[in-house]
Every structure is written in C-alpha cells, then in structure tokens.
C-alpha cells in the first residue's frame with residue numbers, strides 16, 4: 001500500500017505508483033478509447049442540434065450544455081491521462097503543481113457542469129409531463145433557459161480551487177482538508193442524485209397513471225423523452241416501455257455516481273477505502289462523460305433521423 005507521501009507526490013488520479021507497466025498501459029488504452037468515443041459522440045450531438053432546427057428545443061439546449069462540459073473531460077482531460085500513464089513515474093510532468101491544478105480544474109469544471117445538466121434535463125422533463133403547458137411555457141422562456149445554463153457554469157467555477165485536494169486521495173489519512181473536500185463532493189452528488197430520481201420517478205408515476213395525458217401533449221419536446229416516437233405501441237405497452245427506459249437511465253446514472261459517493265463517505269466516517277477501489281469509483285464517474293450523449297438520444301427518433309442524414313451511406317442496391 002502506498003503511504004501518504006507517495007500519494008501526495010502522485011498527480012495521476014487513477015494510476016498508482018506501484019502499478020505494473022501492464023496495468024498502466026491498460027488504463028492508458030482505456031482512457032484513449034473513452035476519450036475518442038466520448039469526444040465523437042458529444043461533438044456529434046452538438047453538431048446535430050445546431051444543424052437541424054427541429055432539434056433546437058429547450059431540453060436539447062440542456063443536453064448540449066452537458067455535452068460541452070463532457071468535452072472538457074473527454075477531449076481535454078482523458079487524453080492527458082492516457083499519455084501520462086505511459087510516462088515513467090518519476091517524470092517531471094507528473095510533479096508539476098501548476099499542471100496538476102490545470103488537470104484538476106478541467107476535470108472539476110467538466111464533471112460539475114455535466115452533473116448540473118443532468119438535473120436540468122430531468123427537471124425540464126418533469127415540468128413538461130407533470131405540470132400545465134402554461135406553467136412550462138412561463139418557466140422555460142429563452143432568457144430563463146439561458147440563465148439556467150449560465151448559472152450551471154458559474155456554480156461550477158466556485159469549487160474548482162478545491163479540486164487539487166481530490167488528487168491526493170490516499171493522503172486523506174493525514175490531510176484533513178482533503179477529507180472534507182471529498183465529503184463535500186459526496187454530499188453534493190448525493191443531493192443532486194436525490195433530486196434527479198425525484199423528477200424521473202415522478203414522470204414514471206404520471207405516465208403509468210395517465211397514458212392519455214401523455215398522448216395528448218402537443219409538445220415537440222416530448223420526442224426528447226426516452227419513449228418510443230413512432231409508431232406508438234398500445235397504451236399498456238407504451239407505459240411499460242416508458243417506465244423501463246426511464247429506470248434504465250436512472251440505473252446507469254446511479255452506477256456511475258454512487259460508488260464515488262459511498263467510497264468518499266466511507267473514507268470520512270470510517271477509514272479510507274483501498275486505493276484501487278477509489279480509483280475505480282473515479283473511473284466510473286468519468287466514464288459517464290462518454291456515455292451521456294447515448295443516454296439522452298438513443299430513444300429519440302428525431303436524433304436517429306438527423307444522424308442518418310449526415311452519416312455517409314454506401315451507394316448501391318443495398319442502400320436503395
């Protein structure tokens with residue numbers, strides 16, 4: 001097990017000093033795959049929304065905001081981790097305090113805005129389904145939507161100075177400030193998760209209780225929900241499929257966020273978890289940045305049509 005001083009000197013979030021070269025290469029390849037796939041998927045969603053007027057909705061504005069934040073993780077932070085994993089542990093690049101601050105800032109900014117965007121999308125859908133159309137229109141005017149997006153970035157800039165403390169995960173045994181920083185992070189993610197689950201479970205209850213209410217909503221934003229777009233299935237099958245889609249989204253989100261929450265709480269109230277478990281919990285959280293575009297677009301027929309119109313297709317009888 002590494003001692004506190006070795007962890008304080010290490011600036012790599014998921015690579016330990018005692019890791020073998022094979023482990024470091026494997027993690028570097030994993031980072032490279034997540035970086036490439038996440039960057040392409042996030043850029044694709046942003047491009048589709050800006051290119052197709054039918055996709056320029058309030059719900060998609062929040063999704064694009066999350067994709068822009070995820071690019072900070074996938075396109076800027078993950079490639080650096082992939083490269084650093086291939087460098088020797090005594091490299092001067094790993095010991096630079098300024099470089100560690102930059103990487104911590106990129107990661108903290110991207111993850112904070114991404115998690116805030118998850119909550120904004122969930123609340124937007126909750127108001128759309130459970131409230132009157134007049135309430136939705138009054139709340140989600142253009143200027144209000146812009147203020148919500150701007151506020152998510154403004155709030156994300158506040159805890160950025162605390163992020164370097166999270167790089168020294170193992171030093172929580174002797175560094176009280178790092179332990180309290182991890183505790184604040186865990187409580188923030190836990191509160192955000194509770195609000196998100198409240199919104200989506202409220203949608204499930206409303207859809208199950210009144211399929212007719214959903215079917216008569218004449219909103220183009222309804223296509224952004226994880227429901228089948230066309231052709232509509234029978235009412236009972238529609239309620240079942242809608243509930244499964246929402247619950248699947250919640251399960252993926254919980255799988256990515258909760259391990260870090262409970263590892264941080266365990267380290268604060270009892271004793272620090274093994275470094276490998278801490279690293280795995282961070283990796284799950286960071287991998288959400290590559291999966292988020294798929295979570296919100298895989299059930300949308302409008303996104304699939306837009307993607308098919310821009311992706312190259314083979315000419316010939318098969319394409320015809």
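Numbers here mean position along the shown chain, with the first residue as 1.
Here the Cβ of each residue, glycine as well, is placed from N, Cα and C on the backbone.
Feature annotations, courtesy of TrEMBL:
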TRANSMEM  25-50  transmembrane segment
DOMAIN    41-296  domain 'G-protein coupled receptors family 1 profile'
TRANSMEM  62-80  transmembrane segment
TRANSMEM  100-123  transmembrane segment
TRANSMEM  144-162  transmembrane segment
TRANSMEM  182-203  transmembrane segment
TRANSMEM  244-270  transmembrane segment
TRANSMEM  276-298  transmembrane segment
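The recorded stretches the transmembrane segment (25-50) and the transmembrane segment (100-123) do not share 3+ CB pairs below 8 A when only pairs 6 or more apart in sequence are counted, and are therefore not in contact. Within the chain, the transmembrane segment (244-270) has long-range Cβ neighbours (under 8 A, six or more residues past its boundaries) at 115, 118, 172, 179-180, 182-183, 185-186, 189-190, 193, 196-197, 200-201, 203-204, 226-227, 277-278, 280-282, 284-285, 287-288, 291, 295, 299. Confidence for the domain 'G-protein coupled receptors family 1 profile' (41-296), expressed as mean pLDDT, is 77.
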